[in-house]
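Peer 1: If you scroll down you'll find the structure; I have some questions about it.
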Amino acid sequence: MNPQAKLIFSMSLVLGTTITISSNHWMMAWTGLEINTLAILPLISKSHHPRAIEASTKYFLVQAAASTLLLFSSMSNAWFTGQWDITQLTHPASCMLLTAAISMKLGLVPFHFWFPEVLQGSSLMTSLLLATIMKFPPTILLFLTSPSLNPTLLSVMAIASAALGGWMGLNQTQIRKIMAFSSISHLGWMTIILIYNPKLMLITFYLYSLTTSAIFFALNSTNTLKLSTLMTMWSKIPILATTLMLTLLSLAGLPPLTGFLPKWLIIQELTKQELTATATIIALLSLLGLFFYLRLAYCATITLPPNSANHMKQWQTSKTVNSLTSTLITLSIMLLPLSPTILTIP
(Lines of atoms letter the chains of each structure in order from A; the text may use other names.)
(Lines give C-alpha, C1' and ligand atoms only; values in the text may rest on other atoms or scores of the structure.)
Protein backbone atom coordinates (compact mmCIF):
# COMPACT_ATOMS: atom_id res chain seq x y z
CA MET A 1 0.00 0.00 0.00
CA ASN A 2 1.11 3.54 -0.77
CA PRO A 3 2.73 5.08 2.37
CA GLN A 4 0.73 8.30 1.95
CA ALA A 5 -2.53 6.34 1.75
CA LYS A 6 -1.57 4.30 4.81
CA LEU A 7 -0.80 7.54 6.71
CA ILE A 8 -4.20 9.02 5.75
CA PHE A 9 -6.07 5.89 6.90
CA SER A 10 -4.07 5.75 10.15
CA MET A 11 -4.78 9.42 10.90
CA SER A 12 -8.46 8.83 10.11
CA LEU A 13 -8.49 5.99 12.68
CA VAL A 14 -7.01 8.31 15.31
CA LEU A 15 -9.49 11.07 14.37
CA GLY A 16 -12.54 8.77 14.48
CA THR A 17 -11.51 7.30 17.84
CA THR A 18 -10.85 10.76 19.31
CA ILE A 19 -14.20 12.13 18.10
CA THR A 20 -16.14 9.22 19.62
CA ILE A 21 -14.42 9.10 23.02
CA SER A 22 -14.60 12.88 23.50
CA SER A 23 -18.18 13.49 22.36
CA ASN A 24 -21.28 14.09 24.47
CA HIS A 25 -23.77 14.05 21.59
CA TRP A 26 -24.91 10.78 19.99
CA MET A 27 -24.54 12.13 16.44
CA MET A 28 -20.86 12.99 17.01
CA ALA A 29 -20.22 9.56 18.54
CA TRP A 30 -21.88 7.91 15.53
CA THR A 31 -19.81 10.06 13.14
CA GLY A 32 -16.57 8.96 14.86
CA LEU A 33 -17.56 5.29 14.61
CA GLU A 34 -18.32 5.69 10.88
CA ILE A 35 -14.95 7.37 10.22
CA ASN A 36 -13.27 4.45 12.00
CA THR A 37 -15.13 1.87 9.92
CA LEU A 38 -14.32 3.57 6.62
CA ALA A 39 -10.65 4.01 7.58
CA ILE A 40 -10.05 0.36 8.54
CA LEU A 41 -11.69 -1.18 5.44
CA PRO A 42 -8.78 -0.43 3.03
CA LEU A 43 -6.32 -1.75 5.64
CA ILE A 44 -8.23 -5.07 5.82
CA SER A 45 -8.48 -5.48 2.05
CA LYS A 46 -5.01 -4.15 1.11
CA SER A 47 -3.59 -7.59 0.20
CA HIS A 48 -6.28 -8.06 -2.52
CA HIS A 49 -6.55 -11.72 -1.55
CA PRO A 50 -10.10 -13.16 -1.90
CA ARG A 51 -10.16 -13.93 1.84
CA ALA A 52 -9.20 -10.32 2.62
CA ILE A 53 -11.95 -8.98 0.32
CA GLU A 54 -14.44 -11.31 1.99
CA ALA A 55 -13.28 -10.15 5.44
CA SER A 56 -13.66 -6.46 4.54
CA THR A 57 -17.15 -7.10 3.08
CA LYS A 58 -18.27 -8.93 6.24
CA TYR A 59 -16.80 -6.21 8.43
CA PHE A 60 -18.53 -3.45 6.47
CA LEU A 61 -21.96 -5.14 6.57
CA VAL A 62 -21.81 -5.91 10.30
CA GLN A 63 -20.51 -2.46 11.27
CA ALA A 64 -23.08 -0.72 9.05
CA ALA A 65 -25.89 -2.71 10.71
CA ALA A 66 -24.49 -1.92 14.18
CA SER A 67 -24.19 1.81 13.37
CA THR A 68 -27.78 1.85 12.09
CA LEU A 69 -28.98 0.23 15.32
CA LEU A 70 -26.98 2.71 17.41
CA LEU A 71 -28.41 5.66 15.48
CA PHE A 72 -31.95 4.28 15.80
CA SER A 73 -31.40 3.74 19.54
CA SER A 74 -30.25 7.34 20.09
CA MET A 75 -33.04 8.76 17.91
CA SER A 76 -35.75 6.77 19.72
CA ASN A 77 -34.35 7.92 23.06
CA ALA A 78 -34.39 11.55 21.83
CA TRP A 79 -37.97 11.03 20.61
CA PHE A 80 -39.19 9.85 24.04
CA THR A 81 -37.04 11.98 26.36
CA GLY A 82 -35.82 14.94 24.27
CA GLN A 83 -32.20 14.15 25.23
CA TRP A 84 -29.30 13.65 22.79
CA ASP A 85 -26.70 13.44 25.55
CA ILE A 86 -24.89 10.08 25.71
CA THR A 87 -25.19 9.80 29.49
CA GLN A 88 -28.96 10.49 29.40
CA LEU A 89 -29.98 7.24 27.71
CA THR A 90 -32.98 6.32 29.87
CA HIS A 91 -35.68 4.73 27.70
CA PRO A 92 -35.69 0.90 28.17
CA ALA A 93 -36.17 0.06 24.45
CA SER A 94 -33.31 2.41 23.51
CA CYS A 95 -31.06 0.76 26.12
CA MET A 96 -31.80 -2.69 24.67
CA LEU A 97 -31.10 -1.48 21.12
CA LEU A 98 -27.85 0.16 22.23
CA THR A 99 -26.71 -3.03 23.98
CA ALA A 100 -27.30 -4.97 20.74
CA ALA A 101 -25.53 -2.33 18.64
CA ILE A 102 -22.43 -2.14 20.86
CA SER A 103 -22.34 -5.96 21.11
CA MET A 104 -22.25 -6.14 17.30
CA LYS A 105 -19.47 -3.55 17.22
CA LEU A 106 -17.40 -5.44 19.80
CA GLY A 107 -18.18 -9.02 18.76
CA LEU A 108 -19.93 -10.10 21.95
CA VAL A 109 -21.98 -13.31 21.90
CA PRO A 110 -24.47 -13.76 20.17
CA PHE A 111 -23.12 -11.21 17.63
CA HIS A 112 -19.63 -12.71 17.47
CA PHE A 113 -19.74 -14.69 14.21
CA TRP A 114 -18.02 -12.07 12.05
CA PHE A 115 -15.02 -11.44 14.30
CA PRO A 116 -12.88 -14.63 13.89
CA GLU A 117 -13.47 -14.64 10.12
CA VAL A 118 -12.48 -10.98 9.72
CA LEU A 119 -9.31 -11.45 11.78
CA GLN A 120 -8.40 -14.55 9.78
CA GLY A 121 -8.67 -12.56 6.54
CA SER A 122 -6.54 -9.65 7.77
CA SER A 123 -2.80 -9.23 8.21
CA LEU A 124 -1.32 -9.50 11.72
CA MET A 125 -1.03 -5.73 12.22
CA THR A 126 -4.56 -5.08 10.94
CA SER A 127 -5.79 -7.88 13.24
CA LEU A 128 -4.09 -6.06 16.13
CA LEU A 129 -5.96 -2.86 15.24
CA LEU A 130 -9.27 -4.74 15.05
CA ALA A 131 -8.70 -6.49 18.40
CA THR A 132 -7.61 -3.38 20.35
CA ILE A 133 -8.01 0.16 18.94
CA MET A 134 -11.26 -0.56 17.04
CA LYS A 135 -12.83 -1.86 20.26
CA PHE A 136 -11.92 1.24 22.26
CA PRO A 137 -14.70 3.66 21.10
CA PRO A 138 -17.56 1.13 21.63
CA THR A 139 -16.08 0.26 25.04
CA ILE A 140 -16.12 3.96 26.01
CA LEU A 141 -19.78 4.21 24.90
CA LEU A 142 -20.58 1.22 27.14
CA PHE A 143 -18.70 2.92 29.98
CA LEU A 144 -20.69 6.17 29.57
CA THR A 145 -24.09 4.46 29.36
CA SER A 146 -23.42 1.76 32.00
CA PRO A 147 -25.91 3.11 34.63
CA SER A 148 -28.80 2.71 32.17
CA LEU A 149 -28.09 -0.82 30.88
CA ASN A 150 -29.81 -4.05 31.92
CA PRO A 151 -27.57 -6.00 34.39
CA THR A 152 -29.23 -9.38 33.72
CA LEU A 153 -28.84 -9.10 29.94
CA LEU A 154 -25.20 -8.03 30.25
CA SER A 155 -24.41 -10.86 32.68
CA VAL A 156 -25.93 -13.49 30.37
CA MET A 157 -24.02 -12.12 27.36
CA ALA A 158 -20.80 -11.92 29.38
CA ILE A 159 -20.96 -15.54 30.60
CA ALA A 160 -21.92 -16.73 27.10
CA SER A 161 -18.94 -14.82 25.63
CA ALA A 162 -16.51 -16.25 28.19
CA ALA A 163 -17.85 -19.77 27.55
CA LEU A 164 -17.92 -19.59 23.76
CA GLY A 165 -14.58 -17.76 23.50
CA GLY A 166 -12.90 -20.52 25.51
CA TRP A 167 -14.78 -23.41 23.91
CA MET A 168 -14.34 -22.39 20.26
CA GLY A 169 -10.65 -21.62 20.70
CA LEU A 170 -9.81 -25.17 21.79
CA ASN A 171 -9.74 -26.74 18.34
CA GLN A 172 -8.16 -23.93 16.30
CA THR A 173 -4.82 -24.16 14.52
CA GLN A 174 -4.78 -20.63 13.05
CA ILE A 175 -3.28 -18.18 15.54
CA ARG A 176 -5.37 -15.19 14.41
CA LYS A 177 -8.57 -17.17 15.06
CA ILE A 178 -7.26 -18.22 18.48
CA MET A 179 -6.60 -14.54 19.30
CA ALA A 180 -10.11 -13.65 18.06
CA PHE A 181 -11.75 -16.15 20.44
CA SER A 182 -9.40 -14.94 23.17
CA SER A 183 -10.71 -11.42 22.54
CA ILE A 184 -14.34 -12.61 22.77
CA SER A 185 -13.56 -14.36 26.06
CA HIS A 186 -11.91 -11.23 27.52
CA LEU A 187 -14.88 -9.12 26.41
CA GLY A 188 -17.01 -11.39 28.59
CA TRP A 189 -14.84 -10.49 31.60
CA MET A 190 -15.13 -6.77 30.81
CA THR A 191 -18.90 -6.91 30.34
CA ILE A 192 -19.57 -8.85 33.56
CA ILE A 193 -18.09 -6.04 35.68
CA LEU A 194 -19.43 -3.11 33.64
CA ILE A 195 -22.48 -2.38 35.81
CA TYR A 196 -20.75 -2.79 39.17
CA ASN A 197 -17.39 -1.09 38.53
CA PRO A 198 -17.06 0.62 35.10
CA LYS A 199 -13.55 1.90 35.95
CA LEU A 200 -12.36 -1.68 36.46
CA MET A 201 -13.70 -2.56 33.00
CA LEU A 202 -11.48 0.15 31.48
CA ILE A 203 -8.40 -1.08 33.41
CA THR A 204 -9.13 -4.62 32.14
CA PHE A 205 -9.38 -3.30 28.58
CA TYR A 206 -6.08 -1.38 28.87
CA LEU A 207 -4.20 -4.41 30.19
CA TYR A 208 -5.81 -6.74 27.64
CA SER A 209 -4.78 -4.35 24.83
CA LEU A 210 -1.23 -4.15 26.18
CA THR A 211 -0.78 -7.93 26.36
CA THR A 212 -2.46 -8.58 23.00
CA SER A 213 -0.25 -5.94 21.35
CA ALA A 214 2.86 -7.64 22.75
CA ILE A 215 1.74 -11.01 21.34
CA PHE A 216 0.88 -9.64 17.89
CA PHE A 217 4.17 -7.74 17.62
CA ALA A 218 6.10 -10.86 18.62
CA LEU A 219 4.22 -12.97 16.05
CA ASN A 220 4.70 -10.30 13.39
CA SER A 221 8.48 -10.21 13.93
CA THR A 222 8.63 -13.89 12.87
CA ASN A 223 5.59 -13.79 10.51
CA THR A 224 3.90 -16.61 12.44
CA LEU A 225 0.32 -17.34 11.35
CA LYS A 226 -0.39 -20.92 12.49
CA LEU A 227 0.68 -23.43 15.13
CA SER A 228 2.91 -25.42 12.79
CA THR A 229 4.95 -22.26 12.08
CA LEU A 230 5.04 -21.37 15.77
CA MET A 231 6.84 -24.66 16.44
CA THR A 232 9.87 -23.43 14.48
CA MET A 233 10.28 -20.26 16.55
CA TRP A 234 12.38 -21.86 19.31
CA SER A 235 15.14 -22.90 16.90
CA LYS A 236 15.28 -19.38 15.41
CA ILE A 237 14.76 -16.91 18.27
CA PRO A 238 14.72 -18.77 21.63
CA ILE A 239 14.63 -15.58 23.72
CA LEU A 240 11.54 -14.29 21.89
CA ALA A 241 9.87 -17.71 22.14
CA THR A 242 10.41 -17.75 25.92
CA THR A 243 9.03 -14.24 26.46
CA LEU A 244 6.10 -15.02 24.13
CA MET A 245 5.27 -18.01 26.33
CA LEU A 246 5.22 -15.77 29.43
CA THR A 247 3.06 -13.19 27.62
CA LEU A 248 0.54 -15.87 26.61
CA LEU A 249 0.37 -17.09 30.22
CA SER A 250 -0.15 -13.47 31.28
CA LEU A 251 -3.09 -13.20 28.87
CA ALA A 252 -4.45 -16.41 30.43
CA GLY A 253 -4.39 -14.65 33.83
CA LEU A 254 -1.81 -16.69 35.71
CA PRO A 255 -0.05 -15.11 38.71
CA PRO A 256 2.44 -13.47 39.17
CA LEU A 257 2.04 -11.98 35.67
CA THR A 258 0.24 -8.76 34.69
CA GLY A 259 -2.86 -10.51 33.32
CA PHE A 260 -3.69 -11.90 36.76
CA LEU A 261 -4.54 -8.40 38.09
CA PRO A 262 -7.82 -7.68 36.21
CA LYS A 263 -9.23 -11.19 36.76
CA TRP A 264 -8.36 -11.09 40.44
CA LEU A 265 -10.00 -7.65 40.87
CA ILE A 266 -13.10 -8.66 38.87
CA ILE A 267 -13.65 -11.81 40.97
CA GLN A 268 -13.09 -9.74 44.14
CA GLU A 269 -15.64 -7.11 43.01
CA LEU A 270 -18.25 -9.72 42.04
CA THR A 271 -17.84 -11.35 45.46
CA LYS A 272 -18.32 -7.97 47.15
CA GLN A 273 -21.57 -7.55 45.19
CA GLU A 274 -22.70 -10.96 46.55
CA LEU A 275 -22.53 -12.53 43.08
CA THR A 276 -20.49 -15.52 44.21
CA ALA A 277 -22.15 -17.91 41.73
CA THR A 278 -21.39 -15.59 38.80
CA ALA A 279 -17.78 -15.18 39.95
CA THR A 280 -17.38 -18.97 40.26
CA ILE A 281 -18.86 -19.65 36.80
CA ILE A 282 -16.70 -17.10 34.99
CA ALA A 283 -13.57 -18.21 36.86
CA LEU A 284 -14.20 -21.84 35.83
CA LEU A 285 -14.84 -20.77 32.22
CA SER A 286 -11.43 -19.09 32.13
CA LEU A 287 -9.91 -22.59 32.42
CA LEU A 288 -11.06 -23.25 28.84
CA GLY A 289 -9.00 -20.30 27.66
CA LEU A 290 -6.07 -21.40 29.81
CA PHE A 291 -5.97 -24.68 27.90
CA PHE A 292 -5.39 -23.12 24.47
CA TYR A 293 -2.97 -20.52 25.86
CA LEU A 294 -0.96 -23.39 27.32
CA ARG A 295 -1.11 -25.15 23.96
CA LEU A 296 0.27 -22.04 22.24
CA ALA A 297 3.00 -21.71 24.89
CA TYR A 298 3.82 -25.43 24.50
CA CYS A 299 4.12 -25.08 20.70
CA ALA A 300 6.28 -21.96 21.03
CA THR A 301 8.82 -23.36 23.49
CA ILE A 302 8.70 -27.10 24.07
CA THR A 303 8.13 -28.62 20.63
CA LEU A 304 10.71 -28.70 17.84
CA PRO A 305 9.92 -29.32 14.17
CA PRO A 306 10.85 -32.80 12.88
CA ASN A 307 14.18 -32.62 11.04
CA SER A 308 16.21 -35.60 9.87
CA ALA A 309 19.41 -33.61 9.20
CA ASN A 310 21.93 -33.38 12.03
CA HIS A 311 22.78 -29.77 12.61
CA MET A 312 23.53 -27.37 15.44
CA LYS A 313 20.63 -25.40 16.82
CA GLN A 314 20.58 -21.88 15.45
CA TRP A 315 21.21 -19.82 18.57
CA GLN A 316 22.60 -16.91 16.58
CA THR A 317 20.06 -15.38 14.23
CA SER A 318 19.91 -12.41 11.92
CA LYS A 319 16.43 -11.51 13.19
CA THR A 320 16.30 -8.77 15.82
CA VAL A 321 13.41 -7.88 18.09
CA ASN A 322 12.66 -4.16 18.03
CA SER A 323 12.52 -2.07 21.19
CA LEU A 324 8.71 -1.56 21.02
CA THR A 325 8.10 -5.32 21.10
CA SER A 326 10.56 -5.73 23.97
CA THR A 327 8.91 -2.93 25.96
CA LEU A 328 5.37 -4.30 25.42
CA ILE A 329 6.41 -7.82 26.41
CA THR A 330 8.15 -6.54 29.56
CA LEU A 331 5.09 -4.53 30.60
CA SER A 332 2.69 -7.39 29.88
CA ILE A 333 4.70 -9.69 32.17
CA MET A 334 5.94 -7.52 35.05
CA LEU A 335 3.24 -4.98 35.96
CA LEU A 336 1.62 -6.90 38.82
CA PRO A 337 3.79 -5.29 41.57
CA LEU A 338 2.56 -1.90 40.33
CA SER A 339 -1.09 -2.82 41.05
CA PRO A 340 -1.72 0.12 43.47
CA THR A 341 -0.47 2.57 40.80
CA ILE A 342 -2.53 0.94 38.03
CA LEU A 343 -5.67 1.21 40.13
CA THR A 344 -5.29 5.00 40.22
CA ILE A 345 -5.72 5.21 36.42
CA PRO A 346 -8.93 7.19 35.78
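Note that Cβ sites are derived from N, Cα and C of the backbone, with glycine treated the same way.
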Peer 1: Do you know which of 7-23, 24-40 TrEMBL annotates as transmembrane segment?
Peer 2: 7-23
Peer 1: Tell me which of 239-257, 258-276 corresponds to the transmembrane segment entry in TrEMBL.
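Peer 2: That would be 239-257, per the transmembrane segment entry in TrEMBL.
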Peer 1: State the non-local partners of the transmembrane segment (178-196) in its own chain: residues 6+ outside its ends, Cβ under 8 Å from one of its Cβ atoms.
Peer 2: 106-109, 112, 115-116, 119-120, 127, 131, 135, 139, 142-143, 146, 149, 151, 154-155, 157-166, 168-169, 172, 204-205, 208, 212, 215-216, 251, 262-263, 266, 269-270, 273, 275, 278, 282, 285-286, 288-289, 292-293, 296
Peer 1: With CB pairs under 8 Å as the measure, which of the listed stretches 91-115, 239-257, 321-343 comes out on top against the transmembrane segment (202-219)?
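Peer 2: It is 321-343, which has the most Cβ pairs under 8 Å.
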Peer 1: For the transmembrane segment (152-171), find every same-chain residue at least 6 residues outside the stretch whose CB is under 8 Å from a CB in it, and list them.
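Peer 2: Distal contacts: 96, 99, 103, 108-110, 112, 116, 177-178, 181-192, 194-195, 278, 281-282, 285-289, 291-292.
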Peer 1: Excluding the flanking five residues on each side, which residues at least 6 beyond the ends of the transmembrane segment (321-343) place their CB within less than 8 Å of a CB in that stretch?
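Peer 2: Beyond its ends, the transmembrane segment (321-343) has Cβ neighbours at 203, 207, 210-211, 213-214, 217-218, 221, 237, 239-240, 243-244, 246-247, 250-251, 255-261, 265.
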